[in-house]
Structures are given as structure tokens and as C-alpha cells.
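To start, the structure under review is shown below, and the notes come after it.
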Amino acid sequence: MAPFEPLASGILLLLWLIAPSRACTCVLPHPQTAFCNSDLVIRAKFVGTPEVNQTTLYQRYEIKMTKMYKGFQALGDAADIRFVYTPAMESVCGYFHRSHNRSEEFLIAGKLQDGLLHITTCSFVAPWNSLSLAQRRGFTKTYTVGCEECTVFPCLSIPCKLQSGTHCLWTDQLLQGSEKGFQSRHLACLPREPGLCTWQSLRTRMA
């Protein structure tokens, strides 16, 4: 059956390319949720053009990591991350990096698969300079405090109520029409006492 393998691969690739285009839609998470649900959170520069693997239909970007905030244990003995991987098509949530500034730093929160960093359109990837000082504080130090006990619970429609004392209602989208509202830019869901989490200002935690 070996002679048919190239043909089969070609057919699969053709079906992939001619499939109806469907926009990938997702709601961006609160930065704390992105931090807690990611295996690896780093600051890095995109320094290379994307390279597409025609076999896996994934593309990779060469990056230069400047800081790691989460993932030391998950990464194991690997000292550095040199590439980030994503689906090669936007219709299946592939991330396309549009900035041509190779000196610009980005906050990248992604998943590790077989030791490789993977991201999608739905991943938290943002220019470091676009983050508020409170968000930078969160990624650097504070978000991790709420990962085990607390959950940011999106409130997208009324009525909306807490399902647990450890949940914090996230109303940015409902009240401000954007996931980048006040709670996202300035607050973290952190333990107040055993069994209770509340929104707390990251400003007051800044040195």
C-alpha cells in the first residue's frame, strides 16, 4: 500500500484547501484565565517569517524568548523556546502574526504538545506594551495566586449569578461590549478567605 500514501496525502491536502472557508470565532478569555489555563506563558519577539509544513498543515514562527512567567516545570530540561506552532489556516483558528516589527515583545500564552508551544487565534497573544501595568503585574506575579482556588466566570447575558463562592463574575463583555474592559485590565479573581474568591485590584498590589 506504500505507493498510495503520497496520493492519499495529496487528496487530504486538496480536501483541506477546497473546504468551505469558515471563520474561527472565539471569545477572548480574561488574562487570568489565559494564564491559569496555559502550560506556558512567555514574553517573546517574533523574529522569523512563518514556515508551513505541508504534511501536518501547521506553520511555525521563529521567536526569541525574553522572559518566562509560567512553564518551568512543564518545559523540563529545555532551556529555551525557539518556535511557536499554529494551524496553517485561519478557518481552523490558525494564528497569523501581522506585526512586522521584530523588536516588539509579545505576551504569549499557549499549550505544550510534545514539548512544542502551540497557539491559536483564541490564545492570549498581545503586544507587551498594550497591556496595562496591572495586567503586567498579574502575569508577572499575581494571577498564579488565584489559579487553584478561583475561577473567572463570564457573564454574557442577564440574569447571571455566581455558581460558587470561588467564582468571580466577569461582566466586561455584557456591560462594556468588550473583553478588554475594566475587570480585564485592572482586576484579578483572588482568594479572600477559604471558599471565597473576590475581584481584587492589581493596582493596590503594585510595589
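Numbering starts at 1 and runs along the chain as it is shown here.
In case you wondered, yes, glycine gets a Cβ from its N, Cα and C as well.
Checking the ranges 16-19, 24-27, 44-47 against Swiss-Prot, the region 'Involved in metalloproteinase-binding' annotation falls on 24-27. The disulfide partner of Cys160, as annotated in Swiss-Prot and taken from the candidates Cys155, Cys168, is Cys155. Listed in Swiss-Prot as the disulfide partner of Cys168, from the options Cys150, Cys189, is Cys189. Candidates considered were Cys122, Cys147, Cys150; the recorded disulfide partner of Cys36 in Swiss-Prot is Cys147.
Candidates considered were Cys93, Cys197. The record in Swiss-Prot pairs Cys150 in a disulfide bond with Cys197.
Ranking the disulfide-bonded residues Cys26, Cys147, Cys150 by other CB atoms within 10 A of the CB puts Cys26 at the bottom. Using a 10 Å Cα-Cα cut-off from Cys197 (disulfide bond), none of the recorded positions among Cys24, Cys26, Asn53, Asn101, Cys160 qualify. DSSP assigns Cys36 (disulfide bond) to a helix in the three-state reduction. Within 10 Å of its Cβ, the residue among the recorded positions Cys24, Cys155, Cys168, Cys197 with the fewest other Cβ atoms is Cys24.
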